[in-house]
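According to Swiss-Prot, the features are:
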DNA_BIND  221-225  DNA-binding region
DNA_BIND  290-297  DNA-binding region
DNA_BIND  361-364  DNA-binding region
COMPBIAS  19-39  compositional bias 'Pro residues'
COMPBIAS  190-201  compositional bias 'Acidic residues'
MOTIF     161-168  motif 'Nuclear localization signal'
SITE      Lys268  site 'Interaction with DNA'
SITE      Asn275  site 'Interaction with DNA'
SITE      Arg279  site 'Interaction with DNA'
SITE      Gly326  site 'Interaction with DNA'
Amino acid sequence: MDPNDAFSAAHPFRWDLGPPAPAPVPPPPPPPPPPPPANVPRELEELVAGYGVRMSTVARISELGFTASTLLAMTERELDDMMAALAGLFRWDLLLGERFGLRAALRAERGRLMSLGGRHHGHQSGSTVDGASQEVLSDEHDMAGSGGMGDDDNGRRMVTGKKQAKKGSAARKGKKARRKKVDDLRLDMQEDEMDCCDEDGGGGSESTESSAGGGGGERQREHPFVVTEPGEVARAKKNGLDYLFHLYEQCRLFLLQVQSMAKLHGHKSPTKVTNQVFRYAKKVGASYINKPKMRHYVHCYALHCLDEEASDALRRAYKARGENVGAWRQACYAPLVDISARHGFDIDAVFAAHPRLAIWYVPTRLRQLCHQARSSHAAAAAALPPPLF
C-alpha cells in the first residue's frame, strides 16, 4: 500500500496546492523619446544658407528683433518695410541679390513647412470632423429621445449665440487694432526714410506727404481752415490763416527745444523740422501739429514770410470772392516763382537765406514750377533775334 494513500485515508482534509502561479509579466519598455518636430522653422542662419545672404546682414536683422518665425509670417509689403528700416536705421547697404535671396529662402521654407505639415494637418482635420459629426449625432439623438428642445435648452442656446457674436465682434476689433498698429509702424518707418532722403538732398513729394496720413496715434479734432483777412478771427468751428501761420512759429520753437535737448545729451541735433520735431510736439501735447498738414501749406507760409504785403492782398482778394482754402493755396505758388526769378530761379537759396524758412524743406511742386519757369525763360531768350549794331 502506498504510504501516501494511507496518509490520505488517515487525514481526509489537506491543502489543495493547485497549479503553480504564473511568472510576473515584465514591465513594458519605456517609450523612445519623441523625435524633434520637422515642421518647426529652422534658425535664421540655416534658413538663408545658400541664398547669398551675408552673415553680417543676418546679424543686423537679428538685432532688429526679427526671427525666422517672424519673417515667415510677414507679407511682401512688411518685408519691404523691414528692409527699408534696415537701410534707414543701420545705414546698411543691402545688396540686390540679398533682397531676392531672402525672399527665395522664405518661399522655400514656407513650402517645406507646408509639405511636412499638410499630411499631419489632414489627419487631424479628419479626426476633428469625425468628432464633430459624432457630437451632432449624439445631440440629435438626445433631442429625439426627449421629444424636442425644451425652454431651458432654447434659452441656453440663445445665450451661447449672443456670447459667440460678442466674441466674433471682439476678435474683429482686435484684428483692426493690430492692423492699425502695423500701419502706424509702417508709416513711421516710411517717414523716417523720407526724412533721411530729404537730408541727403531735396524734399519729399507732396503727393507722398498728402497720402501718408497723419502718423500714428489719435489726434485732437482739427477743424478745417478758411480764408481770412489779416487779423480776422474765424467764426464757428473753423480756423483762420493767422492760426495756420502761428503753427509754423510753434514748430520753430519746438525745433529749438529739440536742438537744446540733443546738445544737452550729446546727440546729433536736427537742423530742419523733421519727424523728431513732430514726435516731440505730440509728446508735449501739441497733437494738432502733424507733418502732412505743415508740409501741405509750407509754401503759403513762405509767401507770408518773404512778401507779407502780397500775401495779405491775396488773402483779401480770395476772401472777397468767397474762394476756399484750396484755391488760395494753389494761388500762392505764382508769387513765389516771381520771387525766385529775382534770384535766378534758385528757390532753395531763397529758403536758405531767410531765418524762418531755412528750417523747412522746399516743396517739390514749388521746385518743379521754378524749374519750368527757368526753362521757359531760357527758351524765350534764345528765340529773340540778336541785336543789330
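Every residue gets a Cβ built from N, Cα and C, even glycine.
The structure displayed is predicted, hence computed values, not measured ones.
Positions of the features from Swiss-Prot, shown on the structure.
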residue : record                      : contacts (Cβ under 8 Å, 6+ apart)
Lys268  : site 'Interaction with DNA' : Ala262
Arg279  : site 'Interaction with DNA' : none
Gly326  : site 'Interaction with DNA' : none
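Asn275 (site 'Interaction with DNA'): 16 other CB atoms within 10 A of its CB, across all protein chains.
In the three-state DSSP reading, Lys268 (site 'Interaction with DNA') counts as coil. For the DNA-binding region (290-297), the DSSP counts in helix, strand and coil order read 6 helix, 0 strand, 2 coil.
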